[in-house]
């Protein structure tokens, strides 16, 4: 699925190149967190594969808020830069929300700028907004798998600004009836059992078990956790037990993770089209 989306993006990038238009993503990484470095390398490899130019700005941990914001302003003003991605989390002492607000909305390929979030929430100029990659990827996955969303009860476990909230808004837009659950939700198991579509985005390994899932439900696992016993990467869903109950389930690794990277590339293409007046 993710590969198919990447091939579509590659084809569109090639068409732009025939018109003399290049697509360039600026990737900013602060510090030397191994997970962040791994994510950045993966994104750069994907850019190379699809014909998108990528420029990395690696800053050390002593970087100040002002220095980081000055770099973003420089990238905002550079007409050759179509997308700006600041790899999160940032080291302590740097304000992530200020950084997200500093990026021009039309270059905000993560979809975190308040203007993009506002367009998503209100539906005003929705078609011109850049959507957060993971929620966008979940919706795209459901649609391409021909899973009915309209009229279904979707339960999202997790209310983060990166996944839970925007995904709930996108599901609403697709005419699902949406329930958001979080750490203060009462009777969580009973609520989950009513879900036609259950999305786990809590960051707790194997949190969703088979007794929380309705027979035939669609289960989307957004979690990426390390199992402390086996040291393997696992999701928020106990895959082996839940797969026996669900009609459809996404694995971890795989599943949503590759879709997130594919949607980042799609967003970079979208930003390029937007800035060239092609949307």
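Backbone N, Cα and C define each Cβ position, glycine as well.
Features reported for this protein in Swiss-Prot:
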type	residues	note
BINDING	158, 159, 160, 183, 224	NADP(+) binding site
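Structure with Swiss-Prot features highlighted.
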| residue | record | contacts (Cβ under 8 Å, 6+ apart) |
| --- | --- | --- |
| 158 | NADP(+) binding site | 164, 180, 181, 182, 199, 200, 201, 202, 203, 222 |
| 159 | NADP(+) binding site | 165, 180, 182 |
| 160 | NADP(+) binding site | 201 |
| 183 | NADP(+) binding site | none |
| 224 | NADP(+) binding site | 233, 235, 252, 253, 257 |
